[in-house]
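Q: Pasting the relevant annotations from Swiss-Prot:
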DISULFID  Cys42-Cys110  disulfide bond
DOMAIN    22-114  domain 'Ig-like'
CARBOHYD  Asn90  N-linked glycosylation site
SIGNAL    1-21  signal peptide
Amino acid sequence: MGPGLLCWVLLCPLGEGPVDAGVTQSPTHLIKTRGQHVTLRCSPISGHTSVSSYQQALGQGPQFIFQYYEKEERGRGNFPDQFSGHQFPNYSSELNVNALLLGDSALYLCASSL
């Protein structure tokens with residue numbers, strides 16, 4: 001496993017109702033190398049004030065990373081400190097992952113609720 005090995009980070013919208021329900025993530029996909037930093041942004045459905053983020057590794061079910069409600073962290077899964085988040089006044093949020101590891105290669109999901 002040389003230093004050129006790529007870590008794939010993919011995103012997929014997850015929300016209530018149809019795909020065009022309004023939850024958006026950016027960027028929609030990324031290719032990063034180990035050791036790099038990544039910021040993933042999530043915009044909730046209009047009127048929703050709660051945003052949750054999940055990681056889904058290949059062959060696994062989604063794992064809860066964190067939930068923000070009214071700009072405060074209300075819950076956190078069993079993830080290391082390299083995973084952090086923030087919710088902005090407009091209720092959009094971001095997930096930051098510092099010093100990417102090969103094991104961080106996964107599908108990252110975002111959901112919003114009232």
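Glycine is treated like the rest: Cβ placed from N, Cα and C.
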Q: What is the one among the disulfide-bonded residues Cys42, Cys110 whose Cβ has the most other Cβ atoms less than or equal to 10 Å away?
A: Cys42
Q: To see if you understand the setup: which same-chain residues, six or more apart in sequence, place their Cβ under 8 Å from that of the residue listed as 'N-linked glycosylation site'?
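A: Listed in sequence order, there are none.
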Q: Reduce the DSSP letter at Cys110 (disulfide bond) to three states and note it down.
A: strand
Q: Should Cys42 (disulfide bond) be counted as helix, strand, or coil on the basis of DSSP?
A: strand
